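Undergrad: Supplied in structure tokens, the structure appears directly below.
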Amino acid sequence: MKESHKTVQKEDELLMVSTQKKSVVATEEKSAVQEVIKKSVVTEDVKQLKTEITASSTKMTMSEGQKVTLKANIPGASEVKWVLNGMELRNSDDYRYGVSGSDHTLTIKKASNKDEGILTCEGKTDEGIIKCQFVVTLSKERSSEPAFIMQPKSQNVNEGQDVLFTCEVSGEPSPEVEWLKNNQPIAVSSHLRVSRSKNIYSLEIRNAAVSDTGKYTVKAKNYHGQCSATASLTVLPLVEEPPKEVVLKTSGDASMHESFSSQSFQMASSKQEASFSSFSSSSMTEMKFESMSAKSMSSMKESFVEMSSSSIMGKSSMAQLESSTSKMLKSGLRGVPPKIEALPSDISIEEGKVLTLSCAFSGEPAPEITWYCRGRKITSQDQQGRFHIETSEDLTTLIIMDVQKNDGGLYTLNLGNEFGTDSATVNINIRSP
């Protein structure tokens with residue numbers, strides 16, 4: 001009986017030990033599971049931290065209507081997207097995505113109030129999602145289309161001289177300026193240089209050659225509008241031409257010569273000869289006598305007087321010639337027909353902007369200038385409103401303020417003086433804003 005009781009007690013003890021062992025194992029397993037869960041949570045936290053890396057933050061200001069390109073550098077990025085104030089921007093004409101190497105770009109076609117705020121470029125990398133942030137504000141400053149404060153002037157120079165065309169252009173933002181020769185872009189070289197100092201733009205031609213003769217145009221444009229001006233350059237060759245005899249007819253049908261060479265006259269009398277040499281006004285007339293009678297002397301004196309009046313030019317004669325020539329030129333006996341140096345064939349401008357149309361011209365005497373709009377003359381009454389015409393010595397400019405849709409069409413410039421006429425037409429296209 002006692003042995004049976006001991007056996008039961010022993011079995012109870014064994015069962016208790018087994019239960020305790022199982023409890024210990026279960027506790028250890030639970031701890032292991034909790035540890036795994038903790039490790040998993042830590043890993044997720046680290047992973048979450050990696051997805052929130054902000055690589056850069058940039059403040060920038062844009063003007064209304066401006067075309068803007070933002071650039072974010074994210075090496076090894078994939079699935080790149082641009083987000084504005086929490087909303088993803090889709091790749092479109094208004095918001096154009098681009099990529100060049102590790103640089104990702106977003107081009108905003110025309111900035112407006114809706115583009116203000118936080119603009120972010122996000123790209124997935126091995127390190128997580130990298131963000132490049134832009135804090136965008138819209139400028140309150142008033143922007144304006146380009147306009148000439150000073151235009152380049154036409155020039156005549158001798159071969160080998162240096163030439164400098166200069167203009168001053170206003171506009172906000174600063175306009176892009178391009179120089180052209182005969183409507184072709186100019187290639188910069190050691191011979192041709194362009195430069196800028198604030199609003200002053202210059203084109204320098206060093207050691208000008210005859211081949212540099214032509215029409216030089218400067219174009220300035222920003223997203224608000226554009227303007228252009230043209231000036232001509234004439235390079236005169238350094239060629240020595242043989243002297244030419246020019247005869248100017250006087251009222252008495254007598255001839256006067258611009259240049260005179262030494263002349264020899266021989267006169268013979270019945271018994272003797274006399275020799276006369278005539279020189280320029282600074283020389284003395286030299287007469288050589290061998291022997292002659294009083295009669296031959298008298299005869300020679302009369303001949304000499306006749307020669308002096310018709311052939312020998314002294315200082316007073318030279319002065320008279322110069323005065324006569326000057327009077328003839330001033331009286332308009334010589335002239336040059338008018339010529340339009342350059343005028344663009346087509347111009348496109350946005351409605352509401354200011355149109356500036358400039359044209360260089362030549363002509364002697366100065367030609368009469370007339371502008372026409374679709375065949376109708378632009379009168380002084382028109383110029384009291386939105387239309388203005390400004391004309392200098394060799395440049396005429398048509399300015400239209402606050403361009404309207406009905407301002408579009410063909411505009412004609414007409415020049416005329418007593419030696420001829422010239423005209424040119426330009427088509428103005430008005431775009432909707």
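Note that Cβ sites are derived from N, Cα and C of the backbone, with glycine treated the same way.
Pulled these from TrEMBL:
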{"type": "DOMAIN", "residues": "51-137", "note": "domain 'Ig-like'"}
{"type": "DOMAIN", "residues": "146-234", "note": "domain 'Ig-like'"}
{"type": "DOMAIN", "residues": "338-429", "note": "domain 'Ig-like'"}
Undergrad: Pull the DSSP breakdown for the domain 'Ig-like' (51-137) and write it out as helix, strand, coil residue counts.
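TA: Helix (H, G, I), strand (E, B), coil: 3 helix, 57 strand, 27 coil.
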Undergrad: Roughly where does the domain 'Ig-like' (338-429) sit in mean pLDDT, to the nearest integer?
TA: 86
Undergrad: How many of the residues that make up the domain 'Ig-like' (146-234) does DSSP mark as helix, as strand and as coil?
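TA: Helix, strand, coil within the domain 'Ig-like' (146-234): 3 helix, 58 strand, 28 coil.
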